[in-house]
Amino acid sequence: MTLNGTEKSAILLMSIGADQASEVLKHLTPFEVQELVASMVNINQFSNTILNTVLSECYDLFSKKNNLICNNDENYISDVLTKTLGEKQGRILLNEVLETRNVKMCIETFNHMDPEKFISLLDQEHPQILTTILMYLDKRQSSKVLSRLSEKKCTEIVLRMAEFNCIKESNLIDLKKIIENLLKRKKLIFSEKNGIKTVAEILNSMKIEDEQNILKKINVLNKNLTRKIIKEMFLFDNIVNIEDKYIQCLISNLEKEKLCIALQGTSEVIRNKFFKNMNEEEANKLSIYLEEKSYISDIAIKNEQKLILIMLKNILDNGIFSLKKLGKYYV
């Protein structure tokens, strides 16, 4: 599969996370944004091999661009070590350092993986494998993973982490092989992402002004595609990923009747998201209302759900609910 520069850039944006990708898009010209978004939407999936090739090329380009700042290529380092330690010992040390770097680069992949996917990926592995990887992960990612483990397993892993000293050099190659096999057996979350879904996630993380500017540019080129992106952005199921403090702010500014309608036919997970952010009396009343089999049209339910999503976008952008600014959130 031969990729052009735009397609490689699209894959890179799809792999670095919505927050980082949105920051990149803000610094591009309208034409560049259009080109990148079009490529992202057309890429339904890509293999781990392609992802690694793109990331490797990006790393090489960065290294070449910065070689005047830091001579860190293998030949230079090998030359220094050979002159210092001799050819044999210098090569042994360099190999050990490179193995350590390669393992850390493999582990770095997990920093961009959804915690639930990460846990699923390592579910059948020995706890020490999970412990070792968590020791080298970004601390915020490690905390997200630990918080999703069962109490028993979390305690075991934390104890192992506390007793962890370092990984033996002789075990580095084995660990690297284990990680590579894990990634081969199951798809990375990057490979599973649909182009439209990825674009929607990136736009959702932007300020409303930036989001609407990009949507307008896309709409000029492809109105049907714009509708699909907007539809993906406005998924009521995504509410389960919103922080509780924003849900509480929403509830305090939302008519209870509208919430009752919006929650008709929703899953238990979504309902519990609201129940746990209400006082017990309100939660009980809402639960009883939802158990009653009164007929409400799908259109009415969708309208109230869209209102809630618009209000949440308002709250996320402003920190509070702003009635004055509400109008600009209607797409």
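Keep in mind that glycine also has a Cβ here, set from the backbone N, Cα and C atoms.
For the ranges 125-128, 193-196, 221-224, 325-328, the feature annotated in Swiss-Prot as motif 'Part of the EHPQR-motif' maps to 125-128. If one looks beyond the motif 'Part of the EHPQR-motif' (125-128) by at least 6 residues along the same chain, the residues whose Cβ comes under 8 Å of a Cβ in the stretch are 153, 156-157, 160, 178, 182. For the motif 'Part of the EHPQR-motif' (125-128), the mean pLDDT of the prediction comes to 86.
For the motif 'Part of the EHPQR-motif' (125-128), the DSSP counts in helix, strand and coil order read 2 helix, 0 strand, 2 coil. Its Cβ placed at the centre, Arg160 (site 'Part of the EHPQR-motif') has 16 other Cβ atoms within 10 Å.
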